[in-house]
Amino acid sequence: MNPLSALFGAGVATRNAMFDRSLLKQQRLRGPVVSVGNLCVGGTGKTPFTQLLGDLLMQREIDFDVLSRGYGRESTEIKIVELDGSPNEFGDEPLLLAKYFAAKKPENPPRVIVGADRYEAGRFAEQKFGPRLHLLDDGFQHRGLARDFDIVLLAPDDADQVLLPVGRLREPLTALKRAHAVVATDEVKIEAFPVMPPLVWRVERDIALPEQLSRNARVLAFCAIARPHRFFTDLRRHGLEPVAELTFRDHHRYSAADIEKIVREISSSRADCCVTTIKDMMNLGELVHRLAPIYAVRLSLKLRDADAALDEIIKIIERRQG
């Protein structure tokens, strides 16, 4: 193992051991907590899965909120995400979630609360809205907040990764022993992992292309996500062959200089239009009009045996309430 990864791993192991032995304390909220997280840095579909889980909960008329750190935002204070806010204020993914749930349930949408201290964010939510189910965004390594159910999303290459800072792993693969369920596409080979929780939920991954986007268009595709190659592959799978591709770092907030770079690429590649992700459209902000025509692609997940999976979570809720 690389010395830097070994040093990082030693720190992670020490911290986990302190939680396991109760030398570091977990704080518990009044409402049950379901964590949605991963082993690697970014790119496993946590936001689409949280949307999917939210849809299932709303179908069962279960009240919930989402607690998120709000990665990349300018403040650390606790805030309820407002639909007319910006990624700089709330973080791109919390804002995306808030808008998604508001569109699904306009009359009384699930709230998304951001805060660096997610226990305090949860307390704030309970004081404001009463105890309810909390979905903890990116929570697997956030062990300071006690949870009742840990869901970990896996990517196809997770089993081949090494620890940070050389690789993408936040902690060793054996950390999966803490999880209650993993979520994976059929590409993920479960037997490649040294340990596995009892529940393995399979999902089907797909993208939704705008109807007005012609498959014959000369498309410039760009994105700022953790695994851009998956986005470009998805486009090709749906019959779109980009004439040019541009990538930016995950959660990137686009500047005027970035737009000029994209415009130059449009000209040199003779592209008819741009295609990007829903998250990138949000991070483009008011600059988006300079790239017209531009189309946004939404990633979606479909959970097989969704009712059975949700029943497992409901058992946890009922256990806490009983």
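Each Cβ is built from the backbone N, Cα and C atoms, and glycine gets one as well.
Per Swiss-Prot, the features are as follows:
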- Cys40, Val41, Gly42, Gly43, Thr44, Gly45, Lys46, Thr47: ATP binding site (BINDING)
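By neighbour count, meaning other C-beta atoms within 10 Å, the densest spot among the binding-site residues Cys40, Val41 is Cys40.
Around the Cβ of Thr47 (ATP binding site), a 10 Å sphere holds 22 further Cβ atoms from the protein chains shown. Cβ-based neighbour count (10 Å, all protein chains) for Thr44 (ATP binding site) stands at 25. The Cβ neighbour count for Gly43 (ATP binding site), using a 10 Å radius and every protein chain shown, is 20. Here the binding-site residues are Gly42, Gly45, and the one whose Cβ sees the fewest other Cβ atoms within 10 Å is Gly42.
Counting every protein chain shown, the Cβ of Lys46 (ATP binding site) has 22 other Cβ atoms within 10 Å. DSSP gives Lys46 (ATP binding site) a helix state. In the three-state DSSP scheme, Cys40 (ATP binding site) falls into the strand class.
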